[in-house]
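Right, one structure below, let's go through it.
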Amino acid sequence: MIGLSTYRNLPTLLTTTTVISTALRSKQLLRFTTTTSTKSRSSTSTAATTVGNSNPKSPIDEDNLEKPGTIPTKHKPFNIQTEVYNKAGIEANDDDKFLTKPTYRHEDFTEAGVYRVHVTHRPPRTIGDKISCYGTLFFRKCFDLVTGYAVPDPDKPDQYKGTRWEMTEEKWMTRCIFLESIAGVPGSVAGFVRHLHSLRMLTRDKAWIETLHDEAYNERMHLLTFIKIGKPSWFTRSIIYIGQGVFTNIFFLVYLMNPRYCHRFVGYLEEEAVRTYTHLIDELDDPNKLPDFQKLPIPNIAVQYWPELTPESSFKDLILRIRADEAKHREINHTFANLEQWQDRNPFALKIKDSDKPQPNYNLDVTRPQGWERKDLYL
């Protein structure tokens with residue numbers, strides 16, 4: 001028989017047995033769960049090393065996966081080059097939040113039209129023309145010397161390879177960003193002066209203001225597109241600050257005294273812009289040059305501004321449109337310099353009906369690269 005003390009301790013024994021049994025069960029479950037989890041990690045690791053890797057036994061080199069950033073280059077202690085974003089960097093930097101439609105709608109350029117643009121030069125005829133022309137060339141030479149820019153001979157495309165004059169992607173972006181930051185000044189300053197003149201004299205401006213503001217807006221869109229592709233250095237930003245402050249005030253004062261000289265100066269400035277972008281297009285046509293530009297996507301802001309561009313368009317397609325814009329600015333400003341500044345209308349703004357003579361327009365179908373002569377226009 002079981003003693004009375006055994007009956008008294010029976011609940012304790014049952015509880016102890018239950019705890020031990022539960023612990024054993026938990027241990028088995030724990031062992032099962034641990035074994036399953038370990039096996040799962042092993043299979044995941046194997047799958048990860050197999051995908052996109054020719055050798056499944058070697059781990060993935062995550063550094064080779066493109067991350068948002070810039071294209072690696074040789075950094076010097078005193079680095080003043082513009083860094084070019086890689087494909088992922090352009091997509092990450094392509095902020096389209098609150099992106100509004102362009103205020104000034106861009107003209108539809110045909111493919112044949114953008115390829116017809118070529119380098120031209122209007123020979124200076126008057127003293128003002130010579131001052132404007134040689135002044136432009138002087139500033140161009142100074143800028144070329146500072147930035148290490150040179151155009152090789154047509155028969156020697158690799159003439160400057162390996163020297164400080166060789167144009168890399170970083171140097172091209174530095175040049176484009178600086179030039180566009182300055183090119184947006186004349187149109188806005190001239191439009192502002194003419195706006196004040198219209199208010200002060202209580203008279204119409206005859207459509208000059210709209211075209212000048214459109215020009216400034218267009219140049220700023222060039223700049224906004226380029227800064228989505230390249231990240232300017234502190235040196236470039238500093239030069240832009242100084243250059244804008246000096247150039248804006250000088251241009252403003254000269255435009256008050258003689259606007260004709262200013263428009264001729266801008267016409268020659270745009271000639272140099274067309275020359276620069278033509279050089280860039282020639283290098284893009286060479287498969288051995290600028291390899292990083294060959295595979296770059298264009299920013300979304302460019303697709304929305306130029307109606308003929310798509311997300312599949314190349315960097316060369318973008319530069320062709322920008323060069324065409326500069327060619328049109330060249331034509332407009334040389335034409336403006338040929339007109340009576342405060343009396344004649346803007347011939348680009350309105351097409352005269354019932355006329356069989358060629359007339360200026362904002363497109364590329366009828367152009368005069370050296371400007372329209374006043375005697376050939378309906379004013």
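The backbone N, Cα and C atoms fix where each Cβ goes, glycine too.
Keep in mind that what you see is a predicted model, and the values were worked out from it rather than measured.
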Listed in Swiss-Prot for the Fe cation site shared with Glu180, Glu219, His222, Glu326, His329, one of Glu91, Glu107, Glu111, Glu271: Glu271
Candidates Glu166, Glu169, Glu270, the one Swiss-Prot lists with Glu219, Glu326, His329 as binding Fe cation 2: Glu270
Number of Cβ atoms other than its own within 10 Å, given for Glu219 (Fe cation 1 binding site): 26
Spatial neighbours of His222 (Fe cation 1 binding site) among the binding-site residues Glu270, Glu271, His329 [C-alpha, 10 Å]: none
Around the Cβ of Glu326 (Fe cation 1 binding site), the count of other Cβ atoms that are within 10 Å: 27
Least surrounded among the binding-site residues, given as Glu180, Glu270, Glu271, when other CB atoms within 10 Å are counted: Glu180
